[in-house]
Amino acid sequence: MISRNFKNVLVVSVGFLSLFTAYGGLQSLQSSLNAEQGMGVASLSVIYASIIISSMFLPPIMIKNLGCKWTIVAGMACYVSYSFGNLYPGWYTLIPTSVILGLGGSPLWSAKCTYLTISGNIQAAKENKKGSDVINHYFGIFFFIFQSSAVWGNLMSSLIFGQDTSISDIPEEVLATCGAADCGLTVVSNSTSSRPSQNLVWTLVGCYIGVGVLAMIIVSVFLDNIDQEQASQFRENREPFCHTFLATFRLLKDWRLLTLIPLTMYSGFEQSFLSGEYTKNYVTCALGIHFVGFVMMCFGASNSLCSFLFGRIARYTGRAPLFLLAALANLSCIIALLFWRPHPDQLAVFFVFPALWGMADAIWQTQTNALYGILFPRNKEAAFANYRMWESLGFVIAFAYSTFLCLESKLYILLAVLVLTIITYPIVEYYEYKHPTKPIEESAYESHKETTETEKYIISQTQM
């Protein structure tokens, strides 16, 4: 029999898998599908700008009032609204739904991270294990299931768009402009990069809406409300609004959080590059939009498998060697992309880059999330809100300069942020090695009636 906490981790993971099957597929296609006047990329910029704003105050307020479970459900509803906006894409539909998604994005992810951290600490106390090991394991399981959403969402798009009858070969003069050889601001229009028929778009978006609604049903019905009493007590003894509003910013007084900002922002930069630049300037340009899904499936499969693998081996290797591996993988890919000239004859190479990128992203995602949960156990909501805020700032900056900087410049910016991350992250890791942060024991999450007995139980376990 699996534990109740493990069951909850699976429910959260499957819910996010279903939700991001839709959103991940749409995000991968925005720079190619809604390329007119940069509308698709602009909508992505608005999403992450809204996430920054919501990170400033919404996560602590929603989580403490609604609890993690219903905050997740509300956030999922915001994501589904973006799928509706893509039924009739235009400035008046995409931008408002992008704002709605962004406002729900930070509470959604903060609630998920808080939920997994609480579950990990409870299970660690029950099994007399180290809290950070169980949290790492839970985040690994989550990202293993969640990251496979890229496989299913992009498989749907490639199979549906592959039915387009207007696909033809790309001329050599167009291929010469692909990759970093040309500035890459405008991908030359041809029959394979033009927008698919409206009926095919409606079919795809309709499928995405369906799986998004399914995600909300799964979480609503099957997820336990483990922090229900805490949320109830908070509503009864409501803190001043200013106190909750400023919780995210008060945590910035901690030098460890400030030092982690480059690492957190790099996560946004590297994800936006693959979904916004690689798909448009390499895949759509040289192979056609119907190949975007297949290439991103490779990224999702690699990301999913590596998330599970690294979540398990982190307890033996520690975080630092894994972060080093991710940095080396991204560094080698960035340098190679600067010199590679994509051509349809090199089909396998198109899949090598997302596979390596997926391996690196698995480490950035699982280990950074777990690191935040371990470093700030008493301020989880504010810590994960900061995580989303700074990661989203990386997305916003990358999508904002997407329409006016050349591809070569974007690669050099990505490289610079990676180098800064390599310099700053070890400082926090070394300090944590010398001065380990004490986790909150199980008693912090048990009911008020059982608090005294639980504390005695945990103390005796620790002494043993």
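The backbone N, Cα and C atoms fix where each Cβ goes, glycine too.
TrEMBL annotations: computationally assigned, not manually curated.
According to TrEMBL, the transmembrane segment annotation covers 40-58 (among others). Within the chain, the transmembrane segment (40-58) has long-range Cβ neighbours (under 8 A, six or more residues past its boundaries) at 27, 29-34, 82, 85, 89, 94-95, 98-107, 110, 244-245, 248-249, 268, 272, 276, 385-386, 388-389, 392-393, 395-396, 399-400, 402-403.
The feature transmembrane segment is assigned by TrEMBL to 70-88 (among others).
What TrEMBL lists as transmembrane segment is 94-118 (among others). Remote same-chain residues near the transmembrane segment (94-118) are listed as 8-9, 12, 16, 23, 34, 39-40, 42-44, 46-55, 58-59, 62-63, 68-69, 71-72, 74-79, 81-82, 84-86, 135, 138-139, 142, 226-227, 369, 372-373, 377, 380-381, 384-385, 387-389, 392, 445 (criterion: CB distance under 8 Å, separation of at least six residues from the stretch ends).
Positions annotated as transmembrane segment by TrEMBL: 138-161 (among others). Same-chain residues lying 6 or more positions outside the transmembrane segment (138-161) and placing a CB less than 8 Å from one of its CB atoms are 5, 9-10, 12-14, 16-26, 28-29, 112, 116, 119-120, 123, 196, 200, 203-204, 207-208, 289-297, 299-301, 303-305, 307-312, 314, 358, 361-362, 365-366, 369-370, 373.
Long-range Cβ contacts of the transmembrane segment (200-223) within its own chain (Cβ-Cβ under 8 Å, at least 6 residues beyond either end) map to 8, 11-12, 14-19, 21-23, 25-26, 33, 69, 72-73, 76-77, 79-80, 83-84, 86-87, 153, 156-157, 160-161, 163-164. Here TrEMBL flags 200-223 (among others) as transmembrane segment.
Taken from TrEMBL, the feature transmembrane segment applies to 286-310 (among others).
Within its own chain, the transmembrane segment (322-340) has Cβ neighbours under 8 Å at 179-180, 270, 278, 282, 310, 313-314, 349, 353, 356-357, 359-361, 363-364, 367, 408, 411, 414-415, 418, 421-422, 425, 429, counting only residues six or more beyond its boundaries. TrEMBL lists 322-340 (among others) with the feature transmembrane segment.
Sequence annotations record features per position, and here TrEMBL assigns transmembrane segment to 346-364 (among others).
What TrEMBL lists as transmembrane segment is 385-405 (among others). Sequence-distant contacts of the transmembrane segment (385-405), counting only residues of its own chain at least 6 positions beyond either end whose CB sits under 8 Å from a CB of the stretch, comprise 31, 38, 41-42, 44-45, 47-49, 51-52, 55-56, 58-60, 102, 105-106, 109-110, 113, 185, 247-248, 251-252, 257, 261, 264-269, 271-273, 276-277, 368-369, 372, 413, 417.
If one looks beyond the transmembrane segment (411-428) by at least 6 residues along the same chain, the residues whose Cβ comes under 8 Å of a Cβ in the stretch are 180, 256, 259-263, 265-266, 269-270, 273, 320, 323, 327, 330-331, 334-335, 337-338, 371, 375, 394, 398, 401, 405. For 411-428 (among others), the entry in TrEMBL reads transmembrane segment.
Distant neighbours of the transmembrane segment (346-364): 143, 147, 263, 266-267, 270-271, 274, 278, 282-283, 286-287, 291, 294-296, 298-307, 309-310, 322-323, 325-327, 329-330, 332-333, 336-337, 340; these residues of the same chain sit at least 6 beyond its ends, with a Cβ under 8 Å from one of its Cβ atoms.
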